[in-house]
Structure formats: structure tokens, C-alpha cells
Amino acid sequence: MRILILGLDGAGKTTILYKLQVGEVVTTIPTIGFNVEQVTYKNLKFQVWDLGGQT
């Protein structure tokens with residue numbers, strides 16, 4: 001399964017991604033371009049594409 005996260009810059013897209021991945025809120029910097037991460041959440045495995053807000 002693939003999920004695309006997009007929205008305004010500074011909205012918290014990357015923060016949500018890493019909250020799902022590591023289970024806690026981590027400090028992030030603005031995303032330039034995009035991030036692609038593999039996430040396992042409640043026995044579901046999926047690929048998350050996180051697009052920077054200014055992309």
C-alpha cells in the first residue's frame with residue numbers, strides 16, 4: 001500500500017510520518033523535495049511519500 005502526504009508548508013506532514021514510524025514526536029526540519037519511508041502500523045505495512053509543502 002502507498003500513501004501520499006501533501007499539504008501546506010509547516011502543516012506537520014513530516015511530523016505525522018515520523019509519529020507513525022517511531023511512535024513519538026520528533027523534531028524535524030522543512031522537507032526539501034520528498035521523503036519516502038516504510039512504515040509498519042498495527043500490523044499494516046505501507047510506503048509513505050511525504051512531499052515538501054513548497055514542492
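Cβ atoms are placed via backbone N, Cα and C, with glycine included.
Marked as GTP binding site by TrEMBL: Gly7, Leu8, Asp9, Gly10, Ala11, Gly12, Lys13, Thr14, Gly53. Annotation note: Thr14 (Mg(2+) binding site) sits in a helical segment as assigned by DSSP.
Secondary structure from DSSP puts Thr31 (Mg(2+) binding site) in coil. Residues or ranges marked as Mg(2+) binding site in TrEMBL: Thr14, Thr31.
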Seminar exercise, completed: Cβ contacts within 10 Å for Thr31 (Mg(2+) binding site), all chains included, total 18
Exercise. Between Thr14 (Mg(2+) binding site) and Gly7 (GTP binding site), how far is it from one CA atom to the other, in Å?
Worked result: 10
